[in-house]
């Protein structure tokens, strides 16, 4: 079954233009092509990024947080109690008064002690401001470095200025070392985010997410981030296999250039530097709307939806797969743009 599915997945009519086979993608003098098996390396690279994250959060983010006035608040742990712990995990974190009375009888203690235990136990589930700062610092560091590296990799490339150049010579476009490492780093980063979903700051349905001076519900935002990470990995991996690397690097660059402004705003928000936070958030909003609402649909999507018809009269199945994922990302851009617009409207008109 696996061999059959594998043969279907790598069917040349899915990925290749007419009269092109996988045999044409063998490295030869002057041409180096991306190979699907190279994507396996993103998994160990993701663990390397996790190691780098651990040391950067511990030895850079924590001293920086202290310099900004963020203190490490130590919460009091409740006394070990198997009965209450089991109820907390399996039944409810907010027991009613009658349930508290029943638990008090089981544990042979007062209802007040049970309430106190649950309050302390719930507090342990809430990430500290320092922990939030560390996570924001890691994302800020990666997106900033990625944006700078992306500009260095792309500024002298003709397709950075003329989007038509992304299709010149396709599919026989050689893979550059800078493109290889740009892809490997980005895919590995999103794998690392998925690996740490269970321990990172979770945006729960009952929680409120603070940014700037405004609160909004975050359950949908959390789900949107999960969908975004999976779509990003699938899109980058697919574009790698189909040798859409030139367009892929442009997509990565457009996405990363706004994100580090948001993470910087979060960091100063946690430090209660309100004016700096608001300024950074306004810069982020401008960068977001330029890159995600203007450049992405009218520059990138135009190149992926419209321009391929000039190079082939019979679009392959991959054309629909890639554009479908890009349209999903654009839908997320519009959703996040709506949230950002709500924040800006309150910020401007309601102070």
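A Cβ is built for glycine as well, from the same backbone N, Cα and C atoms used for every other residue.
Where the annotation comes from TrEMBL, it is an automatic prediction and has not been curated.
Here is what TrEMBL says about this protein:
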DNA_BIND  86-123  DNA-binding region
DOMAIN    84-122  domain 'Homeobox'
DOMAIN    131-349  domain 'TLC'
TRANSMEM  39-56  transmembrane segment
TRANSMEM  136-155  transmembrane segment
TRANSMEM  180-199  transmembrane segment
TRANSMEM  280-300  transmembrane segment
TRANSMEM  320-341  transmembrane segment
(request) For the domain 'Homeobox' (84-122), jot down how many residues DSSP puts in helix, in strand and in coil. (result) 30 helix, 0 strand, 9 coil
(message) Can you tell me which parts of the same chain pack against the transmembrane segment (136-155), counting only residues 6+ beyond its ends and a CB-CB cutoff under 8 A?
(response) 49, 53, 56-57, 60-61, 64-65, 176, 178-179, 182, 185-186, 189, 249-250, 252-253, 256-257, 259-260, 263-264, 266-267, 270
